[in-house]
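Asker: One structure, as structure tokens, below. Some questions next.
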Amino acid sequence: FSSFRFDIYRKVPKDLTQPTYTGAIISVCCCLFILFLFLSELTGFIATEIVNELYVDDPDKDSGGKIEVNLNISLPNLHCELVGLDIQDEMGRHEVGHIDNSMKIPLNNGDGCRFEGRFSINKVPGNFHVSTHSATAQPQNPDMTHIIHKLSFGDKLQVHNVHGAFNALEGADKLSSNPLASHDYILKIVPTVYEDMSGKQRYSYQYTVANKEYVAYSHTGRIIPAIWFRYDLSPITVKYTERRQPLYRFITSICAIIGGTFTVAGILDSCIFTASEAWKKIQLGKMQ
């Protein structure tokens, strides 16, 4: 009995082996190929991947049932004293002329206005709209042509690997539309959670949008246009999670690369060597 019997890696004496130029070329190519695949696997192991999943839930339960909204819109043909923001929803909220955390910047020598506001809405269907409803005196022909620079909900996600409709209305240009027309933007808001490598979660919202344009008359027969943002929330939550490839998977890939490459290279070298030896015998007339 000897422990040498358990050796599955039996060694061939060097005087029984034969080096060849073909084997040398295949060996060099094999090493370069292994190096290339190793570096590729190492890059993938170091980099993080984004995994997404869908589930039904309200992710941000600590928000008090509120969603933060950021709105930035320019109305180049409407004075700032006429511009106002109104908010209403199915919980009974009806606020005309919301002014908290908002700013109006005159444009075109005071003939236009840029409205920037940050406010919260309840997590129920509702709407907020930019109009002249809060003005003390209604203009005869209010011009609601506009450009939307930003409309986003929740936290801002600055992640390159996550592509979504977090600011779907950015750059919406309605300057060429009917000045007296009202605009309806129907939004479907989708809660979104992003969890980084440390486990910290950020809550944002993506949304889809549909738009229609029409002329609306009041009960007095006057045209009072507005820019409406009607929203509803989806029960489906999208979650993005940062993950890094497990170490065991990286080691498995490296072993597969090295073992597979050497095996294939050995088969290729054996075939070439056998064929060359057979060709030599044919040339010498030793093979019938």
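Numbers run from 1 along the shown chain.
Cβ atoms are placed via backbone N, Cα and C, with glycine included.
Sharing the record's features from TrEMBL:
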DOMAIN    5-95  domain 'Endoplasmic reticulum vesicle transporter N-terminal'
TRANSMEM  20-39  transmembrane segment
DOMAIN    105-269  domain 'Endoplasmic reticulum vesicle transporter C-terminal'
TRANSMEM  247-268  transmembrane segment
Asker: Can you work out which residues elsewhere in the same chain, 6+ from the ends of the transmembrane segment (247-268), have a Cβ less than 8 Å from its Cβ atoms?
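Answerer: Same-chain residues near the transmembrane segment (247-268) but 6 or more away: 26-27, 29-30, 33-34, 37-38, 41-42, 45.
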Asker: Treating G and I as helix alongside H, and B as strand alongside E, what does DSSP give for the domain 'Endoplasmic reticulum vesicle transporter N-terminal' (5-95) in helix, strand and coil?
Answerer: 37 helix, 27 strand, 27 coil
Asker: Could you please provide the mean pLDDT value for the domain 'Endoplasmic reticulum vesicle transporter N-terminal' (5-95)?
Answerer: 87
